[in-house]
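Pulled from TrEMBL, these are the features on record:
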ACT_SITE  A:Glu263  active site, proton donor
ACT_SITE  A:His289  active site
ACT_SITE  A:Lys404  active site
Protein chains: 2
Amino acid sequence: MLTFQKYFPLEDTPENKSIMQSAMAVVKEEMQSNQIGYYKLPSNSLSLIERLKEIDSDLFTQIIIIGIGGSSLGIKAIDSILRPYTPNAKEILYFENSDPVTISETLIKIKKEKAAFFIISKSGSTIETTSILKTVIATCKLDLDGADRKRVFAITDKDSALSKFAQHHNLGEFNIPDNVGGRFSVLSAVGVVPLQMAGYDVKNILKGAQEFITRFFEEGETHLLEKACYMYINSKKQGINVLFSYADHLEGLTKWYVQLWGESLGKIDFNGNRVGLTPIGLIGSVDQHSFLELIIEGPHDKSVTFISIKDAGNDLKIPDISLYGIEKTNFINNQSFNTLINAQCDATMQSVIESDVAVDAISFDKVTPENIGAIIIYYELLTSLMGAMLMINTYDQPGVELGKQILYKNLEKH
Amino acid sequence: MLTFQKYFPLEDTPENKSIMQSAMAVVKEEMQSNQIGYYKLPSNSLSLIERLKEIDSDLFTQIIIIGIGGSSLGIKAIDSILRPYTPNAKEILYFENSDPVTISETLIKIKKEKAAFFIISKSGSTIETTSILKTVIATCKLDLDGADRKRVFAITDKDSALSKFAQHHNLGEFNIPDNVGGRFSVLSAVGVVPLQMAGYDVKNILKGAQEFITRFFEEGETHLLEKACYMYINSKKQGINVLFSYADHLEGLTKWYVQLWGESLGKIDFNGNRVGLTPIGLIGSVDQHSFLELIIEGPHDKSVTFISIKDAGNDLKIPDISLYGIEKTNFINNQSFNTLINAQCDATMQSVIESDVAVDAISFDKVTPENIGAIIIYYELLTSLMGAMLMINTYDQPGVELGKQILYKNLEKH
């Protein structure tokens, strides 16, 4: 279960009600018209799990992900947070970046005979992904028309370049629905197929997502609309949202959120104005020692969302030892680290609230697949609501095209 | 060698000259008066390397760091970027956070008989550090008055609680100068001792730092003053600085920069105004797929610093393979990934410049200890100059005290 608390003021005015009603109407229309597809992934993706039963996944003990951005961040987020709670999860290697140092480091970890390779690209021709694919084929001597055909899978749009490649070699292929953008795709084949094959309980991730989205459309999660409304009406003076997660293994989720938020909401709106909120992901308590000072004493241009895990399922305790000279820390002896990190989250949150910064809090009762599904759909819905309020196209990314054109031009000249 | 380029306009006015001269005077005074100590670390810390010769470092093949914030971020930054170029570097384990899951995961990796433990805390009573210290003592059954005395080292302020503990057990102790703050301490014993023992070429890190700082005070690195001045005079409308590093292993450096910048510059100034610049660390090309859209199309409230490595010392090539369906990517065949990632950095930078965002670029000719030393001192000097211009105390962190008080109160009641 997720619990949501808000510590910011939202006035109960007709204007705010109207903002929320309009955004809700936009989101409902996106969903009902099938213009935007992610809303239906929690139910539609169940069929992928069925389809995977036809593949003998015991053949594979290592999962290789070749994908970047929306084709890796969501998988990494879920893998990272669920791994400590999934002792039999298979190893996953990620090839994301065009950095030769990390590509070389990852290549030597591949155990070809045990590996399932997932090439993931919505467009099918992402330059990092196709370049790494070629490198992996050459390094591992993959025989795509023979013995290795069964271990290579493409996850891509129907009729994409990568789809043509997969069909040519008769590889396993899974498609991303046309109406699902890369950064909203984690609950499509992009995340479902490799995570299920790695041994994660994807069915319950989808269940948690479905339950949340059902409650939302039945207007049982009104806090989401209120948060979007608060953030929208304050977006000029509080242009930064900090996601402060109190668990190391939530770092992947914060990176996924940064992409979702940044790429969806940083836009020129329908009136030609530049809008957007800047997302920042932090990890507590570590970043109390690096960023908290700025939040409290610096310009009040930020809202802060705290995420904590009430019961991390680990009872490691601070031993009852008194160390000479350091006796003043004895008050914490015999407490669990779980208690300490939650107390740190609470204390930091309280100090930020007392400094008049807008705060809200999301608490996991524990780490479960259902809760992970819920938090994912929560952030996707929040993003769609914000986009509707900001009057932008939440789902495109026109700003990144110029760089791609320059890259192609420069490299072709090379 | 580092190369610096700026693509933002700075007018050659008497006002700007005066801002730069005043800030330079403040920094010179801080250095000459010994009020601020980090300026002299590159020369003063050489004696630590001498002192370490008395310790038989061959006894240890694993380095354990117990520290958080300024007591770990700098070590991690240097370890991470130099490791691919230092094949014999010893394994380093980090205990940073109070997260029970990662503490448990790290505890089982300790090889006690081969390990050197560094307890690092400037104040000597950081709650995460002392709690983990107790846990490590209990789990590894460290005999602090017997056989294990030689493998435990304290790095802390003179006369701190941790120093008393070390002296009581006659442990190895290294002190952080009083006039060096935690986030400026990486070139003090904090970084020098564990990194030298891990097998890194610390002498040349210090050399690179010393050469840079010498040139700076001889006014041979004027670009630094100009950048600080530009950022200062535009700090209200461009309140965010993005550090976009094109190498996975630079992520540690971006996190170190976020602490240095955020905790130093987010302050209430001498006139009672809230000032500060928000630091964001990104990794290219990955974050082109997550954050670039916001930089280009969103509010122009950011400046962007690109870091690239001209020659990463890795000639991994994209194989000359034509893949059915994906032939349009063949133009990149036979190029190195080193060429690709640099071309991506250049293209992205050009697209950001063309979108009228303030940009500057730092280029490493290659990854060397000297260059790492130089980039560290570069960012420390930039922070000091900005702090002088913003008229704040760059070196304290009053804003984090409230949270600590609340934590202690809440936990003691517990």
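Each Cβ is built from the backbone N, Cα and C atoms, and glycine gets one as well.
Each residue contributes its Cα atom, and for the residue listed as 'active site, proton donor' and A:Lys404 (active site) those atoms are 16 Å apart. The Cβ neighbour count for A:His289 (active site), using a 10 Å radius and every protein chain shown, is 26. Geometry remark: A:His289 (active site) versus A:Lys404 (active site), CA distance 37 Å.
Of all the active-site residues given, namely A:Glu263, A:Lys404, the one with the smallest number of surrounding CB atoms inside 10 A is A:Lys404.
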